[in-house]
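Asker: Take this structure first; my questions come after.
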Amino acid sequence: MRLKVEPRRQVSKPLQYATPPLSVLGTVVAAFVLFAIMGYDPLRALYDLFVAPLGNVQGLSELALKASPLVMIGVGLAAGFRANVWNIGAEGQLMMGAIAGGGVALAFYGREGWWILPLMSLAAVAGGMAWAAVPAFLKTRFGVSEILVSLMLTYVAEQFLSYLVLGPWKDPEGMNFPQSRMFSDSALLPVLFDGTRVHAGVLVSLLVVVVAWVVMSRSILGFEIRTVGLAPAAARYAGFSQTRVVWLTLLATGGLAGLAGLFEVAGPIGQLIPKITPGYGFTAIIVAFLGRLHPLGILLAGLVMALSYIGADQAQVDMGLPNAATGLVQAMLLFFLLASDFLVRYRVRLVRPAATSEPAPAQKATA
Amino acid sequence: MTILIPRRTFLVGSATAAAAMTVGQEARAAGPVKAAWVYVGPVGDFGWSYQHDLGRKAVEAALGDKVKTSFVEKVAEGPDSERVIRQLAGVNDIVFTTSFGFMNPTERVAKQFPKVKFEQATGYKTGANFAEYNARFYQGRTVAGTLAGLLSKKGVAGYVGSVPIPEVVMGINAFTIAARKINPNFQTKVIWVNAWFDPGKEADAAKSLIDQGADFINQHTDSPAVVQTAEARGVMAVGEASNMQNFGPKAQVTSNMDDWGPYYIERIKAVIDGTWKSQSVWLGMKEGAVAMAPYGPAVTPEAAAAADKVKAAIIAGTLDPFAGPIKNQKGELKVAAGQTIADADLQKMDWYVEGVQA
């Protein structure tokens with residue numbers, strides 16, 4: 001007997017929407033068993049991981065703060081993924097946005113004015129777009145894989161940021177540590193609630209979700225993007241330009257990632273430092289798929305992902321749960337999601353040897 | 001002693017942060033002093049964070065039930081660290097944050113929790129409830145440099161640098177100065193990995209340095225990956241923060257070890273006694289904060305004797321690792337004979353001495 005994997009003729013729509021919550025449930029059950037085996041109180045650990053951060057203003061504000069860049073980048077990436085444009089260098093675009101916007105903040109250091117933040121935001125969007133324009137140009141002009149180019153440019157951006165904070169933009173009073181000056185007040189995002197770190201950028205990310213939703217589902221542009229991804233031949237026949245879609249999706253993602261980067265440095269960080277992102281650009285890829293490439297789904301997925309990070313800290317602080325154990329929980333979430341996705345699209349069948357055309361060994365024996 | 005509900009039983013849950021706001025303002029409740037540590041790497045890095053965690057365990061062993069400790073490991077420098085520090089501040093009396101990138105986040109949280117004590121390692125800012133502590137790692141580098149000058153056949157050392165902050169730069173310089181006292185042509189090649197803990201990058205940097213002709217590898221990163229690579233490639237290496245002998249029994253000539261235990265015990269005792277004050281300290285070999293691991297098999301008796309002599313002179317205060325004359329990379333005299341570099345200048349050092357290739 002052997003196992004055979006074959007595609008399902010019809011993929012169930014309800015099941016497709018049910019798999020993300022089912023994966024969360026599967027993760028909870030598996031984590032319960034894991035924590036119990038490790039000798040930790042599983043209920044308390046699960047409470048810390050998934051519930052505790054939601055129970056107070058501080059936790060909720062941190063959740064919004066952490067989810068905001070993930071959602072903003074995820075929404076942009078999803079538009080590209082729908083058009084088969086695989087930008088996996090959002091991390092680098094984020095850094096270039098932070099550099100461009102942060103550069104404006106440093107250029108107007110000590111100055112006051114309402115125009116500084118909008119100018120920084122524009123610069124950040126431009127910076128992220130410029131970085132995404134490189135893979136867009138190379139793909140449309142020479143057919144170079146945007147996957148490789150966008151990824152490699154991430155490391156270039158990282159080195160560039162290091163160079164700036166160690167060299168020309170180093171804080172003159174900073175004891176030669178790799179960091180810029182702290183931004184002036186006019187260059188910092190306003191905080192929404194006193195005593196928290198949640199800033200106006202969070203509202204922008206919500207706006208991005210709504211706009212993306214309308215564009216993707218209600219506009220011709222959204223239709224164009226989806227058609228290019230689903231049926232390139234039909235798209236060509238309809239007169240949709242693939243080149244245009246590649247440029248549009250890459251620039252949109254780059255701009256959003258750049259803005260997300262600025263919101264980090266003009267928000268909780270308040271200066272340029274060598275490490276401004278714990279991998280938001282990469283985690284956003286997971287968020288985009290977890291959210292089924294739909295803006296609203298991505299909003300939810302971003303919140304779940306952020307919750308898992310904040311809950312992981314909570315569990316460490318409260319009960320000393322090792323970092324690796326909470327890392328496993330995040331990994332299991334993805335594992336369950338990918339596995340259930342696979343099972344929704346394919347079915348696994350047991351194939352008996354008798355059913356094959358080869359003569360069964362039993363027959364040979366009797367012959 | 002006033003008796004109150006022990007904070008130990010206070011369930012850190014939904015109420016954490018809300019409570020944090022008020023707990024922070026209260027005077028310390030009776031019961032064990034609660035101390036927490038924030039580590040940049042995993043406690044199992046067998047280097048920097050591991051060594052701080054040994055310090056935490058030393059506190060538990062020394063102070064018993066007068067203290068209750070906890071830690072959060074693998075905290076990224078940047079916005080995430082501020083959240084973790086704030087969570088810990090809500091339920092602790094003193095919080096130690098053990099990486100330079102935690103400085104500004106710690107300062108911000110310290111302002112919000114004036115009754116909680118904060119101490120940050122390897123930075124430069126202080127406040128009323130915010131102290132700094134660091135160790136003179138460069139003293140150990142001087143011993144390692146002496147060994148390198150005597151043992152390296154090619155006269156070329158590789159140096160795996162983490163993040164180019166003054167502390168790391170001065171280590172590279174101290175190492176090179178000591179080696180060039182023995183071999184005036186000695187060269188130190190540096191590769192930066194721009195991370196404190198990244199075993200993959202650390203190993204790659206070590207390989208690349210060995211390929212460039214280095215037969216003696218030094219490191220200022222947190223994992224034993226460099227020592228392991230040196231062992232595999234048959235060259236000598238100096239361990240970092242912890243004794244990494246098990247990872248390179250033949251390769252490790254010594255290790256630049258940190259011992260934070262005595263300092264942590266002293267500071268937490270001060271919290272218990274109510275005598276804690278903000279300060280900025282820079283401990284060295286004399287205080288036992290920096291120590292050398294036993295010499296490895298590659299160290300000849302002569303080299304061992306020379307290294308021991310240097311060590312004893314540093315402890316006695318008769319040898320200043322940065323005594324002039326010192327030239328920079330261009331060969332210009334930066335420190336004249338008979339002069340030295342003051343602590344304040346060392347702490348913002350951003351130039352390399354002659355013989356460093358970075």
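We count from 1, first residue shown onward.
A Cβ is built for glycine as well, from the same backbone N, Cα and C atoms used for every other residue.
What TrEMBL says about a protein is an automatic prediction, not a curated fact.
Bear in mind that the values here come from a model prediction, so they are computed numbers and not experimental data.
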Asker: Which is it, of A:93-109, A:280-296, that TrEMBL names as transmembrane segment?
Answerer: A:93-109
Asker: Report, as numbers and ranges, every residue of the chain located at least six residues beyond the transmembrane segment (A:21-43) whose Cβ falls under 8 Å of a Cβ in that stretch; write 'none' if there are none.
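Answerer: Residues 49-50, 304, 319, 321, 325, 328-329, 332-333, 336-337, 340.
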Asker: Can you find at least 3 Cβ pairs under 8 Å between the transmembrane segment (A:93-109) and the transmembrane segment (A:198-216), where each pair is 6 or more residues apart in sequence?
Answerer: no
Asker: Does the transmembrane segment (A:198-216) make contact with the transmembrane segment (A:115-138) through 3 or more Cβ pairs under 8 Å, each pair 6 or more apart in sequence?
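Answerer: No; fewer than 3 Cβ pairs under 8 Å.
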Asker: Who are the chain neighbours of the transmembrane segment (A:147-166) in space, where the CB to CB distance is under 8 Å and they lie at least 6 residues beyond its ends?
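Answerer: Here the qualifying positions are 86-93, 95-96, 98-99, 131-132, 134-135, 138-139, 178-180, 250, 272-274, 276, 281.
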